[in-house]
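If you check Swiss-Prot, you get these features:
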DOMAIN    5-34  domain '4Fe-4S ferredoxin-type 1'
BINDING   Cys14, Cys17, Cys20, Cys140  [4Fe-4S] cluster 1 binding site
BINDING   Cys24, Cys120, Cys123, Cys136  [4Fe-4S] cluster 2 binding site
DOMAIN    50-83  domain '4Fe-4S ferredoxin-type 2'
BINDING   Cys61, Cys64, Cys69, Cys103  [4Fe-4S] cluster 3 binding site
BINDING   Cys73, Cys93, Cys96, Cys99  [4Fe-4S] cluster 4 binding site
DOMAIN    84-113  domain '4Fe-4S ferredoxin-type 3'
Amino acid sequence: MAKKYGMIHDENLCIGCQACNIACRSENKIPDSVYRLQVWVQGPKKLPDGTLSFNYHRQSCVQCENTPCVSVCPTKASYVNEDGIVSVNVDLCVGCLYCIAACPYQARYVDPVTKAPDKCNFCKDTRLARGEEPACVTVCPTDALTFGDMSDPKSKINKVLASKPTLRPKESLGTKPKLFIVPNKRGGIES
């Protein structure tokens, strides 16, 4: 059976340290003016017991199964690998930027060097190709990120999915993200 990669971001374990962002930049040589991954910090919010609470939201590609970015690409430069990772072939890209406009997660950007769209790809060309986990997962000091093969019932990601309540960002759009969120139980920030 083919691997299908996914990731979980546990908002209860995340401390907003940005180690994942820095590791991503270093591993993938991301220019300073753009990002594949950010952790947005919301807060503080004062809780009823007087303590302060922050909420940490991961902003990156959510690796959709039903990919709006792929379906609008006229040259098939945006595509889904056999392992479910949404990718960009820079050599096929004509720079129309339809994929950036179609992404409801604002996860793509124009690389200032290649002039083509780029996004998180779970470090597929570097770490994943060597049998390692994505850089962001490896450096997280609180283990807030879980990565793995969702087609393997015994994988760590499936064990976490079975044991914790999760949601998928903007799931109502029908995109079927493979990035799952364990929502903040500490009283996150209200919209």
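Cβ coordinates come from backbone N, Cα and C, glycine included.
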Chain residues outside the domain '4Fe-4S ferredoxin-type 2' (50-83) and at least six past its termini with a C-beta under 8 angstroms from it: 2-7, 9, 11, 14-16, 20, 36-44, 89-94, 96, 98-108, 116-117, 119-122, 124, 168-169, 174-179, 181, 184, 186-189
Cα distance (Å, whole number) from Cys17 ([4Fe-4S] cluster 1 binding site) to Cys120 ([4Fe-4S] cluster 2 binding site): 19
All-chain count of other Cβ atoms within 10 Å of Cys99 ([4Fe-4S] cluster 4 binding site): 25
List of residues, in chain order, with Cβ under 8 A from that of Cys140 ([4Fe-4S] cluster 1 binding site) and at least 6 apart: Ala19, Cys20
Alpha-carbon distance [Cys69 ([4Fe-4S] cluster 3 binding site); Cys93 ([4Fe-4S] cluster 4 binding site)] in Å: 13
Residue with minimal Cβ packing [other Cβ atoms within 10 Å] among the binding-site residues Cys93, Cys123, Cys136: Cys93
Other residues, Cβ within 8 Å of Cys73, Cys93, Cys96, Cys99 Cβ centroid ([4Fe-4S] cluster 4 site): Cys69, Val72, Pro74, Thr75, Ala77, Ser78, Val88, Val94, Gly95, Leu97, Tyr98, Pro117
Alpha-carbon distance [Cys99 ([4Fe-4S] cluster 4 binding site); Cys64 ([4Fe-4S] cluster 3 binding site)] in Å: 13
